[in-house]
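**Q** Just passing along the structure, written as structure tokens.
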Amino acid sequence: MTPHHEDFDMAQYPVNMDLRPKVDAFFDEATNTISYIVQDPTSDACAIVDSVMDIDYAAGRITHDHADRLIDTIRQRGLTLEWIIETHVHADHLSAAPYIQDKLGGKVGIGANIQLVQDTFGKIFNEGTEFQRDGSQFDALFQDGDTYTVGHMQGFAMFTPGHTPACMVHVMGDAAFVGDTLFMPDGGSARADFPGGDAGTLYDSIQKVLSLPDAMRLFMCHDYGPNGRDIQWETTVAEEKANNIHVGGGKTREEFIKFRTERDAQLAMPRLIIPSLQVNMRAGEIPTDQDGNPQLKVPVNKL
Ligand SMILES: [Fe+2]
């Protein structure tokens, strides 16, 4: 089933290193997620990559402090929000895409394989037929190599499965938003043991990311400050190739699969996986009960 060393042609991607978008990072301490505002250098247009909605899961309370920071920044700068991009269906935080879209507009986009993710988790959460599994909750479903514009700036999506089957890396000019493929060099790589994940496929996707130009800025979706260092989120392809502890310095696919599989077997489920999947597979909408009240489920012994 899993393609081995899937062939890809870097020339199919419209890389443009001369374009340098302004990138602002917003770190969410509760989930160690980094959200980004990416601004076209020649207009007032911008995109958001991987927003966060706050949840106090114990209390069942949703708030929007993190998303409001992004919204306030965009308003203060007089920017136009054109895209709200999800690199994948996150399992560790809730997306604020609908909340942000309601305030600022913009289209919500994710990888076309969201349909596989919806199918898998639609079953696990025993969703009824009213839960569509065709990705129609999103405004755009990206295929590998699809391009889009943010003002005059062209962005494109690179299909990078492995962590999940729907993961996409988004590249705008000399900035790539790697989602959960790579972490900072001393953090390594994302886990590959969720349903539809695969360590070998993740290795192949990471090689694809590392085939981008050496000077490409890479922006992480997560950082956990390994060994007590301060939180960081930006590196380069050259840095990752040389120093990434899981894939750098020429580590082989076989070495990676062995290491990743052993490591993943020891990892606990993310604290917020149950609410995150239910919300994020709906493009950030909170599911409702039969009376229309927002409500989350906890399926027992299903994950
Ligand atoms: Fe993730």
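Note that Cβ sites are derived from N, Cα and C of the backbone, with glycine treated the same way.
Below are the features I grabbed from TrEMBL:
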type   : residues : note
DOMAIN : 32-222   : domain 'Metallo-beta-lactamase'
REGION : 284-303  : region 'Disordered'
**Q** In the region 'Disordered' (284-303), how many residues does DSSP call helix, how many strand, and how many coil?
**A** 0 helix, 2 strand, 18 coil
**Q** Give the nonlocal contacts of the region 'Disordered' (284-303) in its own chain as ranges (CB under 8 Å, at least six residues past its ends).
**A** 51, 53, 60, 62, 94-99, 108, 124-127, 131, 137, 269, 273-275, 278
